[in-house]
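Student: Per TrEMBL, the feature domain 'GPI ethanolamine phosphate transferase 1 C-terminal' maps to 241-714. If you look up TrEMBL, you'll see 252-272, 292-310, 316-333, 375-394, 429-448, 454-474, 495-513, 525-543, 574-590, 657-677, 689-709, 721-741 (among others) marked as transmembrane segment.
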Amino acid sequence: MDMKTFRRGHIAFLHMDAADLVGHAFKPNSDEYIEMVRNVDSLVSEVVHEVTRLSSGLDVKVAFILSADHGMTEWGSHGAGSLHETVTPLLAWGAGLIRPELLPSSDALTGFDQYGLPLHNHGRRRRELQQADLCPLMANLLGIPIPVNSVGRVPLDFLDVNSSVKAQLVRANCMQLLSQLQLKLLEKRGSHFRAFFKEFDKLTESNIEERLRSAELLTSNDLHDQAIESYEQLANLTLMALTYYHKYDRPFFSFCIGASFLLWSLVIWCKLASPGDTKYVSNQYRHRFDQCFQLTTFVLLTLILLVLGFSYLSPYSHTVFQLLPLVLSLYLVRSSSHKARLYNMLVFLFKKSRETDYMTGYYTTQSSRVGNSPFTVASLITVASFLLLELLIWGFHYRPLLFVACIILAIWPALDRSFGSDRAYLHRFWFLACCTLAVFPLLPVIGSSFSPKLVVASGMAITPVSLLIFRNLSRSPVEYTKHNFLLSPPRMLRMGYLFSFLFASSSCAVGLVHSHLGFLPSIRFAIHIFSWTMLLLPSLFVLKWLSPRLGLRLFGWISVFLIPLILLSTGYEVLFFIAFMTVGLLWIHLEAPGRDWTQVWFRDTSASCDVCEVQSTCLSGDTNDLVTLKNFRHVNSFDPRSTYCFLTILKPGVMGLFLLIKVLCPMMCLAIIYAAVQLVSTHRGSVNVQTGLCTIMSNFIAVHFFTCLRDEGSWLEIGNSISHYVIAMVIGLVAFLFAFFGRQLLSVSLQCSDAATRKYV
């Protein structure tokens, strides 16, 4: 270093990220993390000592600020809003900074603030600030202007200057915030009609000038403390005004987006109408109805012209948001078939509202003889469907609500008599399976606990079950004219032994890699080779040697996706997978009433390979959301130790890929179950109808999550709100693609069946 290094306004930023990496890998309470903190402490000591030595005797002033960007939970996560993640240490000392304030007596050491944190730090009073305040603090220490986009406040309690200088500093901070406010005010005022624009009533332009004059007068009279208080009040109001103008357009554009989703759903619903539904059922109110639609058309055209005429005042995205509901409304009112469908719906609702009292009394007196009315049953199913959908939506935020959703699924056969009507004995198994599935939302979040022994025990328990399933499939008395060379009992039995061996090996790999033997390079290398091989090799076994029969392909692909899930598990993930697959297999049986198990599991899946239908009924859609919810929690608390079977070096990109694989494994199994249900179901709908209904459901969910979007708080809360909204918008497309892939996995083989049959003959 030379003299030029210590020039005025110079800042040196030292980023020490080793502690963060070790904290994620070994957790904060581990010996490795404590040792790394000691190393960081020694490095900081060396840096301070060297800078102090070089600056001694020179005309320079040095200040040190040591802090962190986030905290960490006990299981190594950060980014949420808990105190463990948002409260960080701050050590500041040197030139321009006030010395620590020693507490006078030990009695003051017992105080706590509103967060439950002690008011002292080893006998010194603790000072606190927001992370945004670090920017003005460093700017003032360097003697440079505060950056124009900073929203921080100058922490005067940290500065060792007199009240006159503090008044100047807080005034500069206030003027910097007011410059932001002026730009934001001009932007909003220029993009709105002046007659409808509403200024922030607590801080108008005249009010700002008055407050500035008052504060300057106090400063000129040497009343610096009062001037500082006046400037701080103005700064607080300025930040409130910035927030007000930042969110000024949200109510209007929220209405536009919500109306767009509603109108889009109406358009889809009208498109699903049968040809008979596009004719008017009654002409009693048709004249008034047409008049209302003509008036609506005129109003819509006027609004469209107004939006287009003033579109130059606002960004293009704002113009699109305003035009979209108007265009959709105009499309609805100008289409004769859509008008007829809407008219018939309104007439039906009007008549039903007038007949409700009579029908209720009638079916009450007749219930003892004919049972519940169709209208009552339909109403119960509709209410239960919406309730289940709402529970799944709010389950993104409150996990225990998923417990209630699973219970509603458990009693679904009692609400819908057509769901496995001739399989009453399966209803009991369905109830038990759904109740078992309901336990998992009540358990701690994946990643908050670490139990490799539970993973090993779960994998070992699956081994004999899988062997038993393949033995039963290989001993079927059903005769086939094709694929007999693949369905021979010895071959099927060997496949069962193979998958059972892979389950046991994967479980042992998890146990070894997390034991003291996992530190041996040879064992770790062997586990890595085995784990990477298991990502692709089992799928080749299924495509090459398993015939396209429903039972074989279904259990084969479930085994394929279960193996990497075992290798990536750290807790009860495998148990959840078993419970969910049990519900899925029972669902297949309940959707195929009147058939024995040989007819269901040995159905040929290679026929009609071009047919792909999306199961968008309430049950399947809600189950899809349920699985997505349960695995979405893995994102919030991802444990790097779950990837130890594949790599032991912290690589965020590769670990993110494994996180995606872990989430997709149960979802791909769900896709195969979708396809299996469509294959065996006796009441299959058309592709257009099911896709349309699924899109309407996704619109319903998207509106809910749109209202929950956040732009403040922890980055995890903001990211989760955005992710939920994006997921809801693409549910329709994802469900269609998953059903397509599931159908292909059940039917595609690497070997032509006809050629294989000739070879066998």
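Placed from the backbone N, Cα and C atoms, the Cβ positions cover glycine too.
Situate these features within the shown structure.
Tutor: Residues 318, 321-322, 324-325, 328-329, 331-332, 335, 337-338, 341-342, 688-689, 692-693, 695-696, 699-700, 702-703, 706-707 of the same chain lie 6+ residues outside the transmembrane segment (252-272) yet bring a C-beta within less than 8 angstroms of a C-beta in it.
Long-range contacts of the transmembrane segment (454-474) within the same chain, counting only residues at least 6 positions beyond its ends with a Cβ under 8 Å from a Cβ of the stretch, are 487-493, 495-497, 499-500, 503-504, 506-508, 510-511, 551-552, 555, 559, 562, 566, 569-575, 578, 601.
Counting only same-chain residues 6+ beyond the ends of the transmembrane segment (495-513), those with a CB under 8 A from a CB of the stretch are 452-453, 455-460, 462-464, 466-467, 469-471, 474, 523-524, 527, 530-531, 534, 538, 541, 545-546, 556, 559, 562-563, 566-567, 569, 644-645.
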